[in-house]
Amino acid sequence: MKLTCVVIVAVLLLTACQLITADDSRGTQKHRALRSDTKLSMSTRCKGTGKPCSRIAYNCCTGSCRSGKCG
């Protein structure tokens with residue numbers, strides 16, 4: 001019974017901490033697009049600027065494929 005109460009209190013405390021942290025960090029992230037592009041290039045295999053690309057198989061790190069080349 002004591003263990004159950006301790007687990008319940010711990011879960012409630014962790015949930016409250018996450019909610020407080022999420023509320024405090026709202027609107028503080030700057031340069032969102034830059035971060036998402038960086039995250040995309042680090043998490044997937046993509047082609048650099050000037051490399052051949054296909055609009056069907058979206059695979060450029062820069063996010064744009066023009067005239068068959070990443071740009």
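Positions of Cβ are set from backbone N, Cα and C atoms, glycine also.
Checking Cys61, Cys65 against Swiss-Prot, the residue bonded to Cys46 by a disulphide is Cys61. Nonlocal intrachain contacts for the signal peptide (1-22), taken as residues 6+ away from its ends with a CB within less than 8 angstroms of a stretch CB, are lacking entirely. Of the listed recorded positions Pro52, Cys53, Cys65, the Cβ environment within 10 Å is emptiest of other Cβ atoms at Pro52. Here the C-alpha separation of Cys70 (disulfide bond) and Pro52 (4-hydroxyproline) works out to 6 Å. On the backbone, the CA of Cys61 (disulfide bond) and the CA of Cys53 (disulfide bond) stand 10 Å apart.
For the pair Cys53 (disulfide bond) and Cys60 (disulfide bond), the Cα-Cα distance reads 7 Å.
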